[in-house]
Amino acid sequence: MSATQKNNITRLEQLDRQSTQPFPNSRKVYLTGSRPDIRVPVREISLADTPTAFGGEKNPPVFVYDTSGPYTDPEVRIDLRKGLPDVRSRWIDERGDTEILPGLTSEFGQARLADASLDALRFAHVRTPRRAKPGANVSQMHYAKKGIITPEMEYIAIRENMKLQEARAAGLLDQQHPGHSFGANIPKEITPEFVREEVARGRAIIPANINHTELEPMIIGRNFLVKINGNIGNSALGSSIEEEVEKLTWGIRWGADTVMDLSTGKHIHETREWILRNSPVPIGTVPIYQALEKVNGVAEDLTWEIFRDTLIEQAEQGVDYFTIHAGVLLRYVPLTAKRVTGIVSRGGSIMAKWCLAHHKENFLYTHFEEICEIMKAYDVSFSLGDGLRPGSVADANDAAQFGELETLGELTKIAWKHDVQVMIEGPGHVPMQLIKENMDKQLECCDEAPFYTLGPLTTDIAPGYDHITSGIGAAMIGWFGCAMLCYVTPKEHLGLPNKDDVKTGIITYKIAAHAADLAKGHPGAQIRDNALSKARFEFRWEDQFNLGLDPDTARAFHDETLPKDSAKVAHFCSMCGPKFCSMKITQEVRDYAKENGLSDESKAIEAGFQEQAARFKDEGSVIYKQV
């Protein structure tokens with residue numbers, strides 16, 4: 001191992017303070033379920049009292065969904081070398097349908113473990129994996145179909161509600177616009193039974209591998225909060241284990257609900273182990289990437305046996321969902337020939353090349369039922385990959401894209417026959433007028449299995465700003481029914497993202513997802529908006545910053561022009577100044593009404609006009625006066 005690698009592993013002993021410090025005026029709160037080991041984290045944002053001039057009332061705290069795990073809990077000591085605390089082992093043990101294996105069973109996993117040169121690089125506390133007992137199915141879908149509400153399902157119901165009843169009682173939801181959900185069935189409150197029903201129906205998934213016990217359970221489905229995914233991963237051009245773990249902790253701080261490890265460089269197995277042991281959110285992968293590395297990058301040399309071993313290797317580590325491009329069929333490949341941008345999916349191009357080289361059907365398709373057997377033994381969810389997604393708006397909604405989508409619908413039904421959880425990946429590049437057709441087609445072909453899209457990007461003219469071009473499409477398709485949005489950073493099409501790019505991409509997609517939740521009418525979605533709007537009107541600047549998705553940036557922008565502490569209580573900002581602030585003027589109108597005993601603000605405004613008119617006449621009706 002090089003000196004650089006050793007230094008990187010040593011750095012893993014420490015955590016970037018930026019990723020671990022609590023948010024301003026916030027604290028981690030745990031909501032307890034029906035048993036003491038169901039402890040659901042939410043972030044409580046404390047608010048200042050309304051100033052006396054505005055009524056002087058107390059403002060209740062606002063609770064927001066928290067993906068940051070133990071990292072922002074000052075009561076938890078984080079040691080990346082040991083991994084995060086165990087959340088789920090007891091629940092899994094109680095079900096009595098799994099067994100601890102004597103060791104790793106994949107050939108590649110065993111070979112890596114036996115390689116002494118990797119000792120200083122690997123995660124030191126690798127747990128012995130578990131697997132379903134012979135003949136057992138350990139998927140959350142299997143339990144749901146049997147009518148069982150698991151602790152994971154109860155945990156999720158509490159998490160999705162975020163103290164909704166208390167918020168209603170406190171008046172935080174006195175104003176919420178009705179949504180338009182395009183046929184989604186969103187209840188006024190999420191219950192454990194509703195979670196079970198949605199998972200049993202296949203409309204939602206709980207990605208939760210039995211070997212990822214550090215996981216804080218979450219759900220992906222159109223009748224729940226819209227989720228976002230962030231991507232990390234090394235490449236042949238660089239990055240280290242330390243950098244990838246840092247990207248993970250940074251991404252979940254800002255709101256990534258799941259993270260995909262798309263590593264294609266060195267030490268993929270070891271990097272993934274460090275990520276999983278330190279991740280409170282589901283981790284997804286594209287197993288064909290690692291399988292390709294095992295054959296030195298030659299797609300034609302891939303075999304079912306190599307891929308199968310890769311699935312088992314990653315399932316035993318704890319990967320929660322696999323992107324598998326089983327819908328790239330030989331007959332669809334010629335349909336991409338006249339495209340502007342051809343096949344842009346890495347996984348799709350790998351499988352297309354294999355199909356053409358052997359002139360055989362995609363082995364992921366022909367071995368799909370065998371893949372299902374592996375998935376249900378570890379409760380790994382399918383993310384059925386869209387290997388033929390459009391890479392330009394010119395190619396959107398073509399025969400290749402929709403042909404593959406129809407095949408993904410067929411595969412969904414096969415997976416459901418095995419009680420394996422499924423979500424469907426979607427585009428890509430789609431102009432705004434074609435986005436709803438994508439969503440409607442997916443709901444029809446895939447029987448409402450959750451949709452998971454990359455954007456889509458709505459135009460191709462903005463390299464460097466594709467987080468915006470895609471954020472527009474993401475908000476739209478999230479409203480139409482997409483369950484999870486894969487973030488796009490400003491570096492899309494240009495290079496590997498750094499920490500700042502990751503944050504920008506996640507914040508952009510949190511905005512898109514939240515806008516979709518508002519539009520769908522998700523219960524409680526407007527609580528944060530109402531609280532921030534009230535703080536804005538009352539010039540509670542610190543509360544405005546702290547209620548935002550990115551308090552640091554909001555505070556920094558304000559302080560660029562008004563850096564003094566006194567500006568944090570001023571009744572204006574640098575945009576309009578003290579004399580032209582619309583909210584200050586509105587408050588003055590209200591004060592005038594109160595002083596003059598007028599109950600209607602419009603009457604107060606009219607009275608003010610009359611007063612000024614009388615003054616104009618008294619002063620001689622002169623338009624211009626010498627001053």
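The backbone N, Cα and C atoms fix where each Cβ goes, and this holds for glycine too.
According to Swiss-Prot, the protein has these features:
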BINDING   ASN231, MET260, TYR289, HIS325, SER345, ARG346, GLY347, ASP386, GLY387, LEU388, ARG389, GLU425, TYR452  substrate binding site
BINDING   HIS429, HIS493  Zn(2+) binding site
BINDING   CYS573, CYS576, CYS581  [4Fe-4S] cluster binding site
COMPBIAS  1-24  compositional bias 'Polar residues'
REGION    1-29  region 'Disordered'
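A C-beta separation below 8 Å, combined with a sequence spacing of at least six in one chain, links ARG389 (substrate binding site) to VAL344, SER345, GLY348, GLN401, GLU425, GLY426, PRO427, GLY428, LEU454. The Cβ neighbour count for GLY387 (substrate binding site), using a 10 Å radius over every protein chain in view, is 33. Cβ environment of HIS493 (Zn(2+) binding site): PRO463, ASP466 lie under 8 Å away, each six or more residues apart in the same chain. Between the farthest pair of Cα atoms in the substrate binding residues (ASN231, MET260, TYR289, HIS325, SER345, ARG346, GLY347, ASP386, GLY387, LEU388, ARG389, GLU425, TYR452), the distance is 20 Å. If you take the C-beta of HIS429 (Zn(2+) binding site) and look for same-chain residues 6 or more apart in sequence within under 8 angstroms, you find PRO390, GLY391, SER392, VAL393, ASP395, ALA396, GLY455, PRO456, LEU457, ASP460. Counting only residues at least six positions away in the same chain, the Cβ atoms of VAL259, MET260, LEU262, CYS486, TYR487 sit under 8 Å from the Cβ of ASN231 (substrate binding site).
A coil conformation is recorded for HIS493 (Zn(2+) binding site) in the three-state DSSP classification, outside any helix or strand. In sequence order, ILE220, ASN229, SER383, MET423, ILE424, GLU425, GLY426, CYS482, ALA483, MET484, LEU485, CYS486 are the residues near TYR452 (substrate binding site), counting only same-chain partners six or more apart with C-beta under 8 A. DSSP assigns ASN231 (substrate binding site) to a strand in the three-state reduction.
Around SER345 (substrate binding site), taking its Cβ as the centre, 24 other Cβ atoms fall within 10 Å, counting all chains. TYR289 (substrate binding site) has a Cβ environment of 19 other Cβ atoms inside 10 Å. In sequence order, VAL286, ILE288, TYR289, THR323, HIS325, VAL328, GLY385, GLY387 are the residues near GLY347 (substrate binding site), counting only same-chain partners six or more apart with C-beta under 8 A.
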